[in-house]
Each structure stands twice: as structure tokens, then as C-alpha cells.
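Chemist: Taken from TrEMBL, the feature transmembrane segment applies to B:7-26, B:38-57, B:64-82, B:114-137, B:144-162, B:192-212, B:243-261, B:281-305, B:312-332.
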């Protein structure tokens, strides 16, 4: 008996904001809150406001909860979340109206924090707001907080909350938050529905809305058997349908990541394959040229932001692309002059010597740049192409795929449509004979090495889009890219592309079945078995060119 | 003259390591840690002998010796850890308890007994080497392809050993042992004993490898290195020879690993990453490949240099190592042991040149 009485009382309290009398008391409490005569008065005022749940006070309560309550000329204001470049903030009044403050000429008023008086509300007082935080956070400026608030309200059922939720949804501008919000609304309505038809309508709405949480929600509803067996089965069927669609999209996503990984591998392995085919050099330092490309990108960014003073620009990245090609290529050319030149057609020796070179390069990078740096992704490539709510293809990955397609195209044109390419292919086939025919094999070799290293540098520049720049970043890719070369067949453009993409796909697909590590082991076993049938790779040399 | 030289070198080596160093320790000139450190280097040298057999003599660059080395180490480590666990009354090693594993995984069971552990430490690497070798050599994978695939294999194994669910300690590896066969590992005399055992095993391994390389088998190996196709044309079964030497090399690496573990007291997957496996090959390259003395001296020298350099100038060790790699490969094809020969050749060539111009 007692509990039902209490519940009735609670209901009355919740309905209070509907009466205009609440508005007046809100003004009183707000005043008490800002100029308390004693700490206990403030505590009480916040407590009362938390119980009253008047929408007009939400901005104020939110400011308290976020510790962003300030006084300007004795009026409560709050600040924008991001400061301007001069460190000043836009200001908003809080109660009774929540508006942007402007100066006399109608421009937004910008003030530094020092011009405002901070109002400190003790933690114990703020904790009183925890219960209604989801409610006022529905109006937060941060979409993520709004999403969280929506999902927190999913299990409430009182009509006051529902009306606030609807009001918030009407103003909702962010797509993700809107989806979560609708989800919450339909969920509340679903559990309230008393007829099979309205329940089914809400189930349909949830399925159409298709938030991340929808299958779980529907399954929960089905399991509870809330209304009757029919709706439960209907919900379960809808949930299964959603999961199936999600799985299909997931498959597309895997396909895409496989393509992306594959194109990175192709980008790295391309230079490696050309160099190995031409000169019989196993360049273990190839990964380090990639690292050099990445650091070149980093340096370009530093030069643009620090030296030239252009902070908000995407230009640096497009400058960095040719720069990293040239810098890595030039260093590769130097390496060829100093070391590689003496090791032609001695693959095992070259493997050890270039490993030494890679140690030196890694340590140099570590001494110069420290252990961890990151390149800021250009604005243009941030975000992704939202094909459907559950399938987003990141622009940076799309860019990498496009870049590697371009690079492959140019490499093809270079190899098969230019005089240099003809010479490279000829030296690859038979060094001595080419020399006899008047090709300067050494010159061709050093140009090839320049191009090969440059391509690695380009790959490094592209990889800054998806990862950190660390001194030993090359090592993570080097074994994989060698596998690509080995599987594709030495010095074969088509083989490299095919095996690069193939290994990329297989890795991602096996990762979706096993864990990442076992996926890798699986790939390796697969390659070893493949080599049983094709010991010289996908496209082996035939006839007289093939060595012993 | 050559044999005389060799005998002198052997006598020097034995006197220095079997008499002078222990004597230095017993009279108090050297700390027991120095002795232990050299004991560890001997283990590396044993593994290096295997690499020399397979690479220096047969011309197969195998990058998975570090993996075999670790297999040996892990086997003994599992035994020691189980002994310690049983002694302390627990049923499971600590790290398994932390990973919420309730029963001892089946592959840990045989490691309760020392005999089985030693047997498995030899059998497992041998079996691995046999399977890998069979698959690779049968499909006539050689040279660079062999190097890359074995490298990738080591990488894959390293990734597997890093995982916690393989129940091998994950990234932290296995550590914290207290006794071997009932003798406390921390005692100085046990350390000295382990040092002497390592030295003895190194000498035995050297002797065996010497016999192998000077036998008909060894000659065939060198013939394979110099021209594989000709050897197969003369009706030798190249695959069998390669497989045999691959297994022997794996066994040597495993023996090295088994002796290495009680002296360091820890084994982590880091011992078998890409870097470690290339470095092992480098010992032999620096010492002089195709030369057993070179392999031993290379392993001892590089590790000795490592311990000196990392304490004196830690930042530059990788520079030094890198330059050593490059310089050795470029200018001293025969490594440290061939240094004299190389210089003599260059000198005589120069003299020949000058005498011709005159």
C-alpha cells in the first residue's frame, strides 16, 4: 500500500513541470543556485531542479554537469566546446533563454576564459543530477552525448520523458544520434503497445530504422514474450533478417579491407619485385625506404605548419607525395652506388648487407625523430563514404586503392611503353646479352633502384594515412611484401599485382574466420603448399630465360 | 702447416676457456656472471655451427634456426617451470592461473620428467625441421625463396608464441625458475657447471661437425652448394642430403637453446623474431662461412661486442652492427677467419699489379 502511494506521489512530482507553477519555482531555485546564501541552499536548489525536470532549466543543469558554468555580469553563461584560434569562446546564456550572446554590432560575443567568473559546484551537488543527466543531455551540443542519452532512455516509460524525447528528436540534426533516438522512441512505444498491430508497426519501425542495437532489442523483446507469441515470433524473424543483412554488409566490408590491404602490399611489393627481377637483389631495406617516405611526409607537414605557418591545410599531403618519392628514391640511388652495386646477382649476400643498412636507417630515424610520430590525416580524406548506415568505406583507404591503381598503371606504362622500360626488361632477362647490345646495364640498374625505392617511399606516404609513423614500421610489411614477390614470380608485374591482392584478400578473409594471427599462419601454410605446385611463383619464366 | 695452425688454435681455445676462465673465477678475478655470460655465448656458438653446416657448407640460407633454438629453450623452460610449480605445491604455473586455465594443457604433461623433456626438445625441432624441409626441398625451393619462406615461417611462429592462448606464456615468455635436477640455479657452482657443460657440448658439436664436413657426406653437401644441378645429374638424391643437414642443423640449434635457458633464466618469443633470426645468420657471416671455426668465433665475437657496446654506448650498437654487416658482406666475403687470406690476396694482387707496371 505504502509503495503505491509513493509511486503516486512520484508521478505527481514528474508531472509538475506540466504546470506553470513549476516555472516560477524554477526561477527561484535558479537564483538560489547562482547566489546561494549557504552551501546547503545551493544543494537543495539543485536537488529540486533535478526533481522538477523543467526543460527550460536543462541548459543550466547541463552546464553544471559539464562543469562549464560561468558568470558574466552576474548572469549565468556557458561556453562553446571549442575555442577559437585566439583562445576565446562563444558564449550562451542559460536561463530563462538559451541563446548565443552577441555584442552591440550583432556579431557573436567572443571572450577569453579570464573574463568570466567560474562557478564551482561541488561534486556531491553535481551527483544529484546523475538521474536526469540523460534527459538534459538530449539537448547537448555533442552528438555522441546525445546518442548516449537516447540509449539510456530506452527503458523508461513515463510519458513526460517520452514527450521530452520527442521534442529532442524533432530538433535532432545528427544522423547517428537520430537513429539511436528513434530506436529509443520505438522501443518505448513497443513495450507500451497493447495491440498486436501497433506492436508489429513498432517492430517494423525498429527494423527499418536499423540501428546497431536493433537486433539485440528485437531479440530481447522476442525472448520476453511481452505481448503475445505472435509478436515475439515476428520480432525474432525481423531480428534474424537484420542480422543476415548485417552479415552480408560485413562481407562487403571484409572484401573492401582485403582490397585495401592488398593494394598496400602491391604498392610496397611493386618496387621490390622490379628491383629483385632486374638485379637479383633482395632488398631487406625496402621497408625502410617506406619508412623514409613516411618521415618525409611527416617533415613536410612540419614544414607546412611550423615554417610556412599554414596550419589548416591539406596541401602538405599532396606535396608530400612527390617529395617522398624523390627523397626515398634519391636515398635508394645513393645506397645503390655505395653498397648494392657490388652485390649484383648475389641475392643472399645482398640480403644480409641490406639488412645491415636497414638497421642503420632504423636507428638513424629513431635518433632523429624519437619513437612515435603521427601525420595528421588531411581533412579531405577524413571520414568515409557512407554507402549504407552500416557500411562506411573510409576515404583514406579508397585513396590508397586509387593511388596504387595509378602507380600500377604508371609502372606498366613505364615498363612496356618507354625505352627505359624496354631496357629494364631486357636487363632483367639477360644482363650480359643486354650489355653486349649496348645497354648501359649499370645506369639502368641505378635508375631502376631509384624508381623502386621511390615507389616504396610513395607507399610509406600513403601508409601515414592509416597508421602511426614509427622507425621500424618497414619491418611489419617487409616479410609480407617478400611473400608477395615470391608468390607472384620474380620481376613480374602481373604476378605481383595478382599475388598482392590475393594475399590481401586471403589475409582479411581468413582473419574473419580465425583470429588475425592464425589467419597469418594459415596464409603462410597456404603459400607453402602453393609453392609445391608453382615453385617459381604464379608466372614463372619459361624456356631459355629460366635459370637452371 | 694448416693442421699445425689448427692444433695451436684448438689448444689456445681450450686453455683459455676451460682453464683460464674457470681459474680466473676460482681465484676471484672474474665474477660468476662473466662465466655465465660466456656460457650463454657457447650456446649461441652451438647454434651457429648448425647455421654454418646448412648455409656455409650446403648453401641453404635458413632463417628459422632461431625458431629451433627457441623450441629447445621452451622445452627445458616448461620442465623447469613444472618442477618449480610442483615443488611449491601448486598444480599450474602462475601465468596459467592468471589466464584462468584450470587444467594443465596436454602438451605440458610430458615435461614433468626431465628425460622426456630432453627427448622432446630434440624430437620436436627435428620433426618440425623434417616436415618443413620435406615440403620446401621437395618442391625445389632454394636460394632466396628458401630464405624468405623460412623467414616468414619464423615470423608466423613468433606470432603464435606471442599469443596467450597457446599457453606458452605469451609476450612475457617463461621465466622464474629456481632449480635444475634439484640443484639451485642461483648457486655459483651450478653456474660454473653449466658453463663447463656448454663448453663441453660446444667442443663435441664442433668435433661432430668437423667429422661431418670432412666425411663423404660433407663433400656432397659442398658439391650441392657449388652446383646443385650437377650433383643431381650424378644421381645423388639432393633432397635427402639437404633434409639430413637441415635436421642436423635444427638439432644443433635446439641443443644450444636447451643449454641457453638455465643460464639466462628466461625465454621470450623475442629470441625468435625476424631480427634475432637474421642476427644468427650474421654471426656466421661475420665469423666466416664455410668455416666451422669461423662460425664459433663469429658467434662469440658478435655477442661479446654486443655486451660491450650496449653498456658503453647503447645508442650506437645498431649502427655498429649494421656497418659490420655491410662491411663484411662487401669486403670480407670469408668473414673474420678469412681476413688474413683476403688481405694477403689483395696485397699480392697489388704487388702483382705494381710488378707488372714496372
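Quick reminder: no glycine exception, Cβ is built from N, Cα and C everywhere.
Curation plays no part in TrEMBL annotations; they are all automatic predictions.
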Chemist: Is it true that the transmembrane segment (B:192-212) and the transmembrane segment (B:281-305) have 3 or more CB pairs under 8 Å, sequence gap of 6 or more?
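Modeler: They do touch: at least three Cβ pairs between the two stretches lie under 8 Å.
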Chemist: With Cβ distances under 8 Å as the criterion, find the stretch in B:38-57, B:114-137, B:144-162, B:243-261, B:312-332 that has the most pairs with the transmembrane segment (B:281-305).
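Modeler: Highest pair count goes to B:38-57.
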Chemist: Taking the transmembrane segment (B:38-57) as the first stretch and the transmembrane segment (B:144-162) as the second, find out whether 3 or more Cβ pairs fall under 8 Å, excluding pairs closer than 6 in sequence.
Modeler: no
Chemist: Under 8 Å between C-beta atoms and at least six residues away from its ends: which parts of the chain pack against the transmembrane segment (B:114-137)?
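Modeler: Tertiary neighbours of the transmembrane segment (B:114-137) are 64, 67-68, 71-72, 75-76, 78-79, 146, 149-150, 153, 181, 238-239, 242-243, 246-247, 249-251, 253-255, 257-258.
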Chemist: May I ask for the residues of the chain that lie six or more residues beyond the transmembrane segment (B:312-332) and have a Cβ under 8 Å from a Cβ within it?
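Modeler: Residues 279, 282, 285-286, 302, 305-306, 338-339, 342.
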